[in-house]
Amino acid sequence: MQMDRHSHLWRNAVAMPTVSRVAVCGGTHGNELAGVYLVRERLKRRADGTEPVSVVTVMSNPRAVQLCVRYVETDLNRCFTRATLSAPVSETSPYEMIRSQELNALLGPKGSAQAVDLLCDLHNTTANTGLCLITYSDCDWICLHICKHLQREMASTPVRYVHFDIPLNEAYSLDSVGKHGFAMEIGPQPHSVVRSVIFSAMQEGVQLMMDWICQFNSGTLFEGGWVDVYTMVKNIDYPRDSETHVITAAVHPNLQDRDFCLLHPGDPMFLSFSGETLRYKGKEALYPFFINEGAYYEKGIALSLARKRRVEIPSVRSETLR
């Protein structure tokens, strides 16, 4: 009976190409230090050629890392749209724009057969998110299976799959350069600080990702199932003064640190500096995340809101083994 079930799963599994080239990137934002130090550790260990997967480890924004700032001239993680990657550059172009084209040449080109099979870009957030895989697809079976594997194996860290519903041409972050890709975002951690528990969770997440890839490439059949997907719906800005545009309220204590806890219409959202509670006016209950992210003050984002749904994923196997 067990053999019949396995045979059925094998026959009905989706056969996918092996994941033979992987990129692990950190320091895309130079003050998100768990990724910076994890990449430094990986770069110390020279590949001896015995690994079944070719892994390129990249410090994405070395100038920002050296200065321990998010970016030098412009946000590198907004420079990977097709339009930006194909724009002419000169010596006067922002450093990050030039660097994005260098990374695209190294790891892509984006959308081409030469692009790395999987690109994992390491990030930290000041928000209480746990570990998130953030991607542009809600039907990338490789990324969804990796998420399912992390959820199963990481007992101490909540793992979630976040989907930005943006066409690949307009996808703006480094992970969009790979055939498959995601940002591995872990928080809470202050910028310009490294916390051992966050570093360890990121290290474990990357190792589990590599373990899954090696098992997949060697012929393991991964059974399908369900993954909760959080699709971003909209961003919410802080309340602001109509004339000066200075913020007039902070995130409400009842909402602070409650990333991925359902926010209902009428729930407290902000507490004004004059002491007034401002409530969520949306008509639909949604899931907040990136609540009070430190780097998003400049972007006019107090939090993002997502809709959750369960996505069924098929069993998968490597197509090289029949």
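The backbone N, Cα and C atoms fix where each Cβ goes, glycine too.
Here's what TrEMBL has on this protein:
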- GLU185: active site, proton donor/acceptor (ACT_SITE)
- HIS29, GLU32, HIS123: Zn(2+) binding site (BINDING)
- 20-212: domain 'Succinylglutamate desuccinylase/Aspartoacylase catalytic' (DOMAIN)
- 227-308: domain 'AstE/AspA barrel-sandwich hybrid' (DOMAIN)
_Which one is it: of the recorded positions GLU32, GLU185, which Cβ has the fewest other Cβ atoms within 10 Å in this structure?_
GLU185
*Tell me which residues of the chain lie with their Cβ under 8 angstroms from that of HIS29 (Zn(2+) binding site), as long as they are six or more apart in sequence?*
ASN61, ALA64, ARG70, TYR71, ASP75, LEU76, ASN77, HIS123, ASN124, HIS191, ALA295
*When you measure from the Cβ of HIS123 (Zn(2+) binding site), how many other Cβ atoms are you left with inside 10 Å?*
25
*Other residues, Cβ within 8 Å of HIS29, GLU32, HIS123 Cβ centroid (Zn(2+) site)*: GLY26, GLY27, THR28, ASN31, GLY35, ARG70, ASN77, LEU122, ASN124, THR125, GLU185, HIS191, ALA295
*Would you mind splitting the domain 'AstE/AspA barrel-sandwich hybrid' (227-308) into helix, strand and coil residue counts from DSSP?*
3 helix, 34 strand, 45 coil
*Do you know offhand how many angstrom separate GLU32 (Zn(2+) binding site) and GLU185 (active site, proton donor/acceptor) by C-alpha?*
10
*Take every residue in the domain 'Succinylglutamate desuccinylase/Aspartoacylase catalytic' (20-212), average their pLDDT values, and give the whole-number result.*
96
